[in-house]
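J.: A single structure is presented below for examination.
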Amino acid sequence: MRTLNVALGDRAYPIHIGRGLLDRADLVLPHLKTRRVAIVTNDVVGPLYLHRLCSALEAAGVQVSAVSLPDGEAHKDWATLNRIFDVLLAERCERSTTLIALGGGVVGDMGGFAAACYQRGMPFIQIPTTLLAQVDSSVGGKTAINHPLGKNMIGAFYQPRLVLADIETLNTLPGRELSAGLAEVIKYGLIRDAEFLGWLEGNLERLVAREPDALAHAIERSCRNKAEVVAADETERGERALLNLGHTFGHAIETGLGYGEWLHGEAVAAGTMMAVELSRRLGWLSEVDVARVAALFERAGLPVYGPKLGVERYLDLMAHDKKVEAGRLRLILLRSLGQGVIHADASPAEISKAIEARCR
Ligand SMILES: NC(=O)c1ccc[n+]([C@@H]2O[C@H](COP(=O)([O-])OP(=O)(O)OC[C@H]3O[C@@H](n4cnc5c(N)ncnc54)[C@H](O)[C@@H]3O)[C@@H](O)[C@H]2O)c1
Ligand SMILES: O=C(O)C(=O)C[C@@H](O)[C@H](O)[C@H](O)COP(=O)(O)O
Ligand SMILES: [Zn+2]
């Protein structure tokens, strides 16, 4: 098992990465306030892993309630969030009960938001079961639900007390979902870790083949990058915005097509290509750099062009981005491969050309 720390003072928490961790109640117990938990999962993950987690906790004397949500991004909404509150109340969960999110990023984002709101805040633990959730969404405390007009528009910053990433859960993950997770892995290389980017270029097929050592390395390195950024800028006043590379375009794709049509990671990959193209047009990247990034995404089984929504529609959707300040779009671009930058000066005409060049 490898352990990292998210250094947030008296709210610091560990990220444990390893095999068989679902059975390790001993890792969970020190982070509970009382011996009472409510597990939030979904209709796909529950049948696979809920029993193991429940058995381990119950054997350690913990009283467990569980709620299973319908699967998918289309259910990351108010109605589904409310189902969590219905169960927490019906089961008489207390403010000291710990909510455990067992699943991918959708379950984690919704479980975390429910934990932030229920009785004004209950303890929260993340047990991520997708690659995307293990490398990104379970760390850092962004929680949210979607709105028909924009992704993650209603939410809160609310940190977990523990992240438990059991790599063995990735064995049952569909290939398309593994690829989606790789988009966020590649992101860390592009925005702040050129050495890791080089490693990814040399090892991508090992990740696609789910070689345990390669996966463990990629998850640890990704979490290390994310933990450093979050510790330095928890609520996205500055540097944390770099984690949004490709997301302003990508969220427009997800919202524009309807949630769940494209996976988040797929939209981020196509959106990153738009950001990369704009960076080239600004003179920061070369044609060779663009080809290098596209090749990496393609080897990961990810799209490198977005859908043809129409440039006006893209711009309209992008205007809802949370990084918009005083009506001005702030985009994450690349000064070089491995160095992200927040850029507020791109003109709508320049942005439009980059979108058009990367739609098909
Ligand atoms: N909070 C953050 O910082 C952050 C970061 C990145 C993404 N996100 C959010 O995360 C969401 C995407 O997360 P995701 O990619 O994990 O999608 P997801 O949660 O929808 O999970 C993907 C699919 O895999 C299934 N699944 C999960 N674990 C499995 C397993 N071990 N075996 C088999 N099937 C399994 C799920 O039921 C689902 O069908 C998006 O809503 C995105 O906005 C949040
Ligand atoms: O943790 C962050 O900060 C991120 O931006 C990580 C992203 O991968 C993630 O998709 C996040 O939910 C997007 O945040 P948002 O603020 O644009 O909704
Ligand atoms: Zn993301």
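Each Cβ is built from the backbone N, Cα and C atoms, and glycine gets one as well.
Below, the features straight out of TrEMBL:
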- 67-179: domain '3-dehydroquinate synthase N-terminal' (DOMAIN)
- 71-76, 105-109, 129-130, Lys142, Lys151, 169-172: NAD(+) binding site (BINDING)
- 181-324: domain '3-dehydroquinate synthase C-terminal' (DOMAIN)
- Glu184, His247, His264: Zn(2+) binding site (BINDING)
J.: Check the Cα-Cα distances from Glu184 (Zn(2+) binding site) to the binding-site residues Asp71, Ala74, Gly108, Thr130, Thr172 and tell me which is shortest.
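T.: If we rank Asp71, Ala74, Gly108, Thr130, Thr172 by Cα distance to Glu184 (Zn(2+) binding site), first place goes to Thr130.
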J.: For the C-alpha pair, I'd like the distance in angstrom between Ala74 (NAD(+) binding site) and His264 (Zn(2+) binding site), rounded off.
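T.: Each residue's Cα considered, Ala74 (NAD(+) binding site) and His264 (Zn(2+) binding site) end up 12 Å apart.
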J.: So which one is it: of the binding-site residues Asp71, Glu184, which has the fewest other Cβ atoms within 10 Å?
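T.: Comparing Cβ neighbours within 10 Å for the binding-site residues Asp71, Glu184, Asp71 has the fewest.
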J.: What's the CA to CA span in angstrom from Thr169 (NAD(+) binding site) over to His264 (Zn(2+) binding site)?
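T.: His264 (Zn(2+) binding site) has its Cα 20 Å from the Cα of Thr169 (NAD(+) binding site).
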J.: I want to check the contact list for Gly108 (NAD(+) binding site): same chain, sequence separation of six or more, C-beta distance under 8 angstroms. What comes out?
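T.: Non-local contacts for Gly108 (NAD(+) binding site): Ala101, Gln126, Pro128, Ala133, Ser137, Ser138, Thr143.
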J.: Going by C-alpha distance, which of the binding-site residues Asp71, Gly105, Thr130, Thr172 is nearest to His264 (Zn(2+) binding site)?
T.: Gly105
J.: If the criterion is a C-beta within less than 6 angstroms of any ligand 2 atom, which of the binding-site residues Asp71, Ala74, Gly108, Thr169, Thr172 pass it? List them in sequence order.
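T.: Those binding-site residues that pass the cut-off are none, since no Cβ is under 6 Å from ligand 2.
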J.: Quick one: pull the CA-CA distance for His247 (Zn(2+) binding site) versus Asp71 (NAD(+) binding site), whole Å only.
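T.: Pair distance, Cα basis, whole Å: 22 Å.
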J.: Within the domain '3-dehydroquinate synthase N-terminal' (67-179) only, compute the mean pLDDT.
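T.: Value for the domain '3-dehydroquinate synthase N-terminal' (67-179), mean pLDDT as a whole number: 98.
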